[in-house]
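*Asks:* I have a structure I would like to understand better, so I am pasting it below and will then ask my questions one at a time.
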Amino acid sequence: MTDFAATRRAFHLPQGIAYLDGNSLGPMPVAARDRVARMMAEEWSEMLIGGWNKAGWYVQPRTVGDRIARLIGAGPEQVVMGDTLSIKVFQAVSAALRLRPGRRVILSDSGNFPSDLYVADGLARAVGAELRVVAPDDVASAITDNLAVLMLTEVDYRTGRRHDMAALTARAHEVGALTVWDLAHSAGALDVDLLGADADFAVGCTYKYLNGGPGAPAFIWIHPRHADAAQPILQGWMGHDAPFAFDLDYRPAAGIERMRVGTPPVIALAALDAALDVWDGVSLSDLRARSVQLTEAFIAGTGAACPDVALNSPRDPALRGSQVSLRHPQAYAVMQALIAAGVIGDFRAPDVLRFGFAPLFNDLDDVERAVETLARVLRDGSWNDEAFHRMSAVT
Ligand SMILES: Cc1ncc(COP(=O)(O)O)c(C=O)c1O
Ligand SMILES: Nc1ccccc1C(=O)C[C@H](N)C(=O)O
């Protein structure tokens, strides 16, 4: 059994708050602060340029990628770190598109995160392809013969709705299309199984449920059947087969290494590597069970105590990720009042209160506190208090 009391103790959680925003930025693992301090004191300062080899900076995008692989149902040497998630989306979709010459349609849904849609749209315009965006429930029926790439975020950042990765991937494969899965709201939150779902490409960030810190690097995974065939569009020198030969011609490195672009963010990778230590000994089925327990308790609690909000997430946990969103016409003001009372979630336009439940550090006390505080804020109308608004406008 995973010891979640121990994983909670691994984080610095400021006194007096219930932090339900780990789905946007995970809290700081105490070991990350120490690791970065040590990296500065022992590596950068003393080794200087020698750190690339002596301290393993050069291979870190892969060694850290191997640690992420276990958390997303991938194998060793299949994941590489670097850049931002938006860049990794571009790399995955562009490589998938090149693997399907003659097909021009990229399909996504309106629940996707805007950056993914913007990036795919920009790419489509540049190469004469078409981005088609349908409602989340219409994705399966929009998978038609001319499809090149199905690009989806598994868990919707607003509603928490979870797509069926295995079923939609199978459907895409039936028509000869490839899949790109964005795991931003899945990695570290669910028992993701990329190989089991037979996905083609996956990308994700590490500053949410993986707790790598603000600006932590993103990851990209390619199924081994495509890894040596996928042609990078961003032909950066660190994805070259022999970067230090400084050839004038680009030749992609073997496998996933080709998805490296330029110099890795070594300090950020040190923090992320320490954050991943917390995952040692965490079983993904325990993680999922705890996530369901927390979200179920929150939905039941708010359902009973907060009649003024409406559930905006699927009621069935099988169709949901690790967050719950609620709707209220004055959601922004309600969230400001909640934050002032020490319950930190976030607001998403136009009327969504969003609460992330990160199994590594959230517990049933957080759920209870959030339910009670929300019920009180809604009951006593403090969110609607003019004095409160004047105060929150300046703080
Ligand atoms: C699903 C999803 N995709 C993409 C992004 C953008 O990632 P980045 O800012 O790291 O490029 C986010 C969050 O910011 C996200 O939630
Ligand atoms: N990277 C950020 C930087 C600043 C503020 C928020 C973010 C988020 O990650 C938002 C998140 N993608 C979301 O699902 O809302």
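Glycine residues also receive a Cβ, built from the backbone N, Cα and C atoms like all the rest.
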*Asks:* Which single residue out of Trp237, Trp279 does TrEMBL record at the pyridoxal 5'-phosphate site shared with Leu85, Ser86, Phe113, Pro114, Ser115, Asp116, Thr153, Asp182, His185, Tyr207, Thr263?
*Replies:* Trp237
*Asks:* Would you mind pulling the DSSP three-state label for Thr153 (pyridoxal 5'-phosphate binding site)?
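*Replies:* Its secondary structure by DSSP: strand.
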*Asks:* Ligand 1 is in the model; which of the recorded positions Phe113, Ser115, Lys208 have a C-beta less than 6 angstroms from one of its atoms?
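*Replies:* Near the molecule: Phe113, Ser115.
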*Asks:* Taking 10 A as the limit, how many CB atoms besides its own sit near the CB of Leu85 (pyridoxal 5'-phosphate binding site)?
*Replies:* 24
*Asks:* Determine the most Cβ-crowded residue among the binding-site residues Phe113, Trp237, using a 10 Å radius around each Cβ and all protein chains in the structure.
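*Replies:* Neighbour-count leader: Phe113.
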*Asks:* With an 8 Å cut-off on Cβ-Cβ distance and a minimum sequence separation of at least 6, pull the same-chain contacts of Ser115 (pyridoxal 5'-phosphate binding site), or say none.
*Replies:* Leu85, Ser86, Val89
